[in-house]
Amino acid sequence: ISPSLLYLFSLATLLAVVTGTGTPSQEVHPSHYATTFNKSLFPKDFLFGIGSSAYQVEGASNIDGRGPSIWDTFTKQHPEKIWDHSSGNIGADFYHRYKSDIKIVKEIGLDSYRFSISWSRIFPKGKGEVNPLGVKFYNNVINEILANGLIPFVTLFHWDLPQSLEDEYKGFLSSKVVKDFENYADFVFKTYGDRVKHWVTLNEPFSYALYGYNGGTFAPGRCSKYAGNCEYGDSSTEPYIVAHNLILSHAAAAKLYKTKYQAHQKGNIGATLVTHYFEPHSNSAADRVAASRALDFFFGWFAHPLTYGHYPQSMISSLGNRLPKFSKEEVELTKGSYDFLGVNYYSTYYAQSAPLTTVNRTFYTDIQANVSPLKNGAPIGPATDLNWLYVYPKGIHSLVTHMKDVYKNPIVYITENGVAQSRNDSIPISEARKDGIRISYHDNHLKFLLQGIKDGANVKGYYAWSFSDSYEWDAGYTLRFGIIYVDFKDNLRRYPKYSALWLQKFLLK
């Protein structure tokens, strides 16, 4: 075998050692990796990382003192809402395998590992008594990341609200959550902030508010009867109330960090937002306005208050008194409440103007736009195994340019970007590892992102999603987002997909 092939298989060899998988297969052809497009073209201080989240990967859901989150309850009470009726009780068992997983991240040549802290692992009831074993676990994870020469990029809230707070006051439907979130953040900053310099308060508040309260497909599973199969909820108001309290929770935690910790810990804090980019369905003025309005509703809903202290005018006009208002004090608290913005980007949709309706209101009628990846039956880009994800890498350039032009060119980290494949246990692992679609997805998005940087967008890092196959929320274990294959049928053994080897080559490891 040639030296170059041996070089390519260093990761596979490591995986064989740390996961006990024996001799790795060597069917990967080196031509897959022959590329002049690599890390060296990006700014010297640019971070390349990979991500995960607590409920998706940790497992160990009811051991070592962790309290239940709303996702534990949701998957238990509504298994019919999960595609394969599963839960994150085991995930990818990161709780017991974090050392070997972090070693793989290092071996790939990445700079940083993004993960989230389970609020109910630290505070089993959301507040009050601290769980020392939970505190110890994250100390161990952070220390292991640093010991491997990696940078921890840590999210405080990735959708797994402690069930106790949902029971006590309906969670983010109540403004009481703001103080509890601030206290949780305070403890985490105090405990880990000597080593963690990149903090994300919230991951995708849009998804939490929309899927949890508009359609009811995410925990806590609330929506109007006309919008989905939910016992309780109001799709016309609750998503906006929840979003408002998420924004205020972020702002409170960010202010706390900046006033109490930042000067001596010398870290940065931000929030991670998610959006599609939107192209007008036609060149008509109405469709151009609809595309702009859709971006306001998906992205500006959070980016506008965090930057300017108020909601986008298009939302105010559409929603009237259904949209909560910020007090003068809240405007000051929220405005400019970040050092950076994280952005999760996967796809771009068309937006076509639609009339505003006053019956059976939902987020999607409020937008006054029909949003779809299809135009006259033709997709905006190649379809994938995930029904909403169509490949459109140009959108990442358009999005970071939009942030530069509309939101004062903030420091940006792409905190998620990736593609899923359907889980198919009937094909051999040697075949399942061949994920050419993922290689081309990352390669093309990075090319458009680099162009965005050259055009002046202040992007400082790119985190692929995700490290390993894991629990994909309402899709359960039916989809694989990882660059590392997890064998759910054989003790969760890890195998590198071709994308992991491509990434290693891209990173000049």
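Heads up, the Cβ atoms here are built off N, Cα and C, so glycines get one too.
Binding of beta-D-glucoside is annotated in Swiss-Prot for Q56, H158, N203, E204, Y346, W465, E472, W473, F481; the matching candidate from E238, E416, E431 at the same site is E416.
Among the candidates N370, N424, the residue that Swiss-Prot annotates as N-linked glycosylation site is N424. The recorded positions recorded for this entry are N38, E204, C230, and the Cα of E204 lies nearest to that of Y346 (beta-D-glucoside binding site).
Across Q56, H158, N203, E204, Y346, E416, W465, E472, W473, F481, which the record gives as binding beta-D-glucoside, the greatest C-alpha separation is 18 Å. Note on proximity: among N38, E204, C230, N360, the recorded positions of the record, the Cα nearest W473 (beta-D-glucoside binding site) is that of E204. Nearest neighbour of N203 (beta-D-glucoside binding site) by Cα distance, taken over the recorded positions N38, N360, E416, N424: E416. Cβ neighbour count for Q56 (beta-D-glucoside binding site): 26 (other Cβ atoms within 10 Å of its Cβ, all protein chains included). Calculated from their C-alpha atoms, the gap between N38 (N-linked glycosylation site) and E416 (active site, nucleophile) amounts to 19 Å. Counting only same-chain residues six or more apart in sequence, the Cβ atoms lying under 8 angstroms from the Cβ of E416 (active site, nucleophile) belong to G51, T272, V274, N344, Y345, Y346, Y463, W465, S466.
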